[in-house]
Structure formats: structure tokens, C-alpha cells
Amino acid sequence: MASVSIPACTTALLLDIEGTTTPITFVKDILFPYIRDHLEDHLSTHWEEDECKQDVHLLKKQIEEDMRQNRACPVHTVDQTVHTDEEKAIREVVENVMWQMAADRKSTALKQLQGHMWRAAYTSGRIKGEIYPDVVPSVKTWRERGLKVYIYSSGSVEAQKLLFGYSVEGDVLDLFDGHFDTTIGAKVDSKSYERIAERIGCQPEEITFLTDVSREAKAAEEAGLNVLLVVRPGNMELTDEESAHYNLITSFSQLQLTGRA
């Protein structure tokens, strides 16, 4: 695939993670199964700790919001404070989390709990974050040429920092100028990208967003960002219309920084 020039007005690059910096298989085959396999043990071990209580409280709030919006959800409500049977309460949390994961929900409540569980796995060395080999050298080049580089993922900021802090390439967190997650808004909502531009302190047209998801690309484009779609093994196949509309890359090394020292 031919090289693609980043618009000369670009001052910041915004990167998705799954399917962009990191193989989808890492998320689907390593991170998510870890949650499914260890969730009940995690809750049983940490149930009385403040962090776990906060995670459960946030899940309860999410369920209440789902019910207000008439979204489908498990029949149980999660409320740590009213259960005398701890095992029953834990089972209900497990049921809700498994339901959210099966539905591929991106809720902040789910992502926060997952991030806390992954922290233990990363710090113990049971998991190392996978990064495509073209990512680190490319990001280093962009930064040397004066560009800022940010991450925007549906995974929590904590989970993002764990992935890059305990990666197969070592701790590469210093390559990034900041991180955004769903607390700033959904990735398919154009308003989220407007908020990111405001937070970064630049105009939307000065940001180039790299993602593998066309719905995210569309939302970013509507907000005025420049967009590149990343085509990696295992990513969702693009339609002919999407392939014709967007600039496509298969590696970060294809990006050309024109007009930069």
C-alpha cells in the first residue's frame, strides 16, 4: 500500500488502540478471557475494599441508567449495601459484567472494573501489552518532528497506561502526551472529538485520527478531524465505499510528514 501524507496543518495525532496500535487478538484472546476467568475470584478477594466497592457502585449506576433508557439488561440490580448474602451479590455482579462483555458494551463502569483487574495481571507479569512493531519507531519519529501524540480508546485511561507501561517493548508511556477514554464521550459521537480538541488546545483540523473503525472515523470527520483508517490483520473488513472514501494504511511507517523539519 502506498505512503500517505499527514496534512501539513496537523499538530497532534490521536490514536485508537485495538486494531490500530495493538492486535485485536490481544484484546479478544488475552485481556477479555482474563476477566472472564478471574472475575469471581477478584470480587471475592477484594469485595470489602474501597476500590471494589466503588467499581460495584458504578456498575449499579450503569444498570439504573440502562433501565431508565429501557435497554435490555440482566434482571438483577447490583447493590452491595442491601445484600446479606455476599455470594449472591457477587454472582449478580458477575452476571452483569458477563452480559455487558457479551454485548460488547463500552460503559465506563465495565471499563473501570476491567482496568483494575488488568492492573494486577500486568504488574505481576502475567500479561504484557502487545504493540505492532511499527508503532514505537513511528511515534518516536513523529515526536522528533514536533507532533504531539495522544491515545483515545474505549478502554479506561488506567487500562491504556497499563498496556503501554507493561508492554512487550517495555515501558513506552513517555511516547504519549495524554490519554482519553469514554469519560470524555463515546467514540462514535462527534462531540467527543470536539472535546478532545478543546482539551488538547488546538483546532479539530489540526488533529489526525488513526482508527480501524469506520463509525469512529465518521464521527471524527464530522467534528472536523483528519482521519486515516488502519487496515490490520483481523480488523473488520471495510466496504468498497469506505475504502474509496478514506485514506488507508496498513502500517504507521507509511505515514509521511510533509513540510516538516
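Including glycine, each Cβ sits where the backbone N, Cα and C put it.
What you are looking at is a predicted structure, and each value in this text was computed from that prediction instead of being measured.
If you look up TrEMBL, you'll see Asp16, Glu18, Asp212 marked as Mg(2+) binding site. Every protein chain considered, the tally of other Cβ atoms within 10 Å of the Cβ of Asp212 (Mg(2+) binding site) stands at 20.
The Cβ of Ser154 (substrate binding site) has Glu18, Lys106, Lys111, Asp181, Thr182, Lys187 as same-chain neighbours under 8 Å, each 6 or more residues away in sequence. The annotation substrate binding site is assigned in TrEMBL to Ser153, Ser154, Lys187.
The number of other Cβ atoms within 10 Å of the Cβ belonging to Glu18 (Mg(2+) binding site), over all protein chains shown, comes to 23. For Ser153 (substrate binding site), the same-chain residues 6+ apart in sequence whose C-beta sits under 8 angstroms from its C-beta are Asp16, Ile17, Glu18, Ala159, Gln160, His179, Phe180, Asp181.
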